[in-house]
Amino acid sequence: MDISNVLIEALPYIKKFHDKKIMIKYGGHAMVDENAMSSTARDTVLLKYVGMQPMVVHGGGPEISRSMDRMGKEPQFIGGLRVTDEETMDIVKMVLVGKINTEIVSKIGLHGGKSLGISGKDSFLLESSRKGPTQIQHENGEILEVDLGYVGKIDKVNSDLIEHLTSNDYIPVISPIGIDKNGNTLNLNADTVAGSIASEVDAEKLIVLTDVPGLLADPDDPESLIRRARVDELRELIGDGTISGGMIPKIETCINAVENGVKTAHILDGRLNHSILLEIFTKHGIGTMIRE
Ligand SMILES: Nc1ncnc2c1ncn2[C@@H]1O[C@H](COP(=O)(O)OP(=O)(O)O)[C@@H](O)[C@H]1O
Ligand SMILES: CC(=O)N[C@@H](CCC(=O)OP(=O)(O)O)C(=O)O
């Protein structure tokens, strides 16, 4: 396509999304290498410079698991959530806050954006409490109660800090870590964090970057992309098992977000260069778009 046509196709979206908040959830599975991270950071900076207010919640599950392996600890997940003892919580903090957050912030800076790295502990952004005992079904059908340890659920989002940062032209980069009323650190699922903050700040879009082209009708067939879906259709797909594993918290997050004011939620392949730009600035977009 001619370069001038590309720019003209983008104009309605630049106008429509001017000053609008765009929440980008950058999943660990989409952080395939330095180039992919750099490209995502550059796209985020571009959104800022054309007048939007982007913000990033990052994950890092695979990197946390690799660090646990190196330290001789076996990662364990229940219902998509990491069983988190005290030592694991330290590893989670070290990887998310100490490594991934600073890498994203510096890449945004290198591309000319102003960015600040924070976690849910800063300014009590993510007031949380321990999730407590969770029921799971054993292979033999028995229902067991397990404690996920320092895994939290979000009780309240205090978004003042985010509003200050975005209105002063900063791109907030947020680690999915919460704080309880005694000041303890809790491990939160990054999809849930992105959705909760997106609703609280009235984001226009929630963009979830992962390692599949979008929601698939057949999880083994990347060609079976579902381009658009509404909440009731998604509930059916969860019920019949089409949506499973890590995709369940993602879709539940998207459903919650669009039911709580976010206009559209999108699941995209973050490994694909410029997937964010292709979604926002082209007529047909890419990935799966979810509406209420
Ligand atoms: N219907 C489906 N369509 C697409 N992916 C699915 C579906 N059901 C399950 N999945 C799985 O969900 C995964 C994405 O979730 P997850 O691994 O938690 O990603 P992330 O680390 O990016 O948050 C995909 O890699 C895929 O294996
Ligand atoms: C409670 C819980 O499971 N927390 C996650 C936090 C990181 C995350 O969510 O990363 P992705 O987005 O890459 O999956 C974890 O420990 O892996």
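Positions of Cβ are set from backbone N, Cα and C atoms, glycine also.
TrEMBL labels come from automatic prediction, so no person has curated them.
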Co-listed substrate-binding residue [TrEMBL; alongside Gly60, Gly61, Asn187] among Arg42, Arg70, Arg82: Arg82
Collapsed DSSP category at Gly60 (substrate binding site): coil
Diameter of the substrate binding set by C-alpha atoms, the set being Gly60, Gly61, Arg82, Asn187, in angstrom: 12
Inter-residue C-alpha distance, Asn187 (substrate binding site) and Lys25 (site 'Transition state stabilizer') (nearest angstrom): 16
In sequence order, those binding-site residues of Gly60, Gly61, Arg82, Asn187 whose CB lies under 6 Å from ligand 1: Gly61
Segment confidence, the domain 'Aspartate/glutamate/uridylate kinase' (20-269), expressed as mean pLDDT: 95
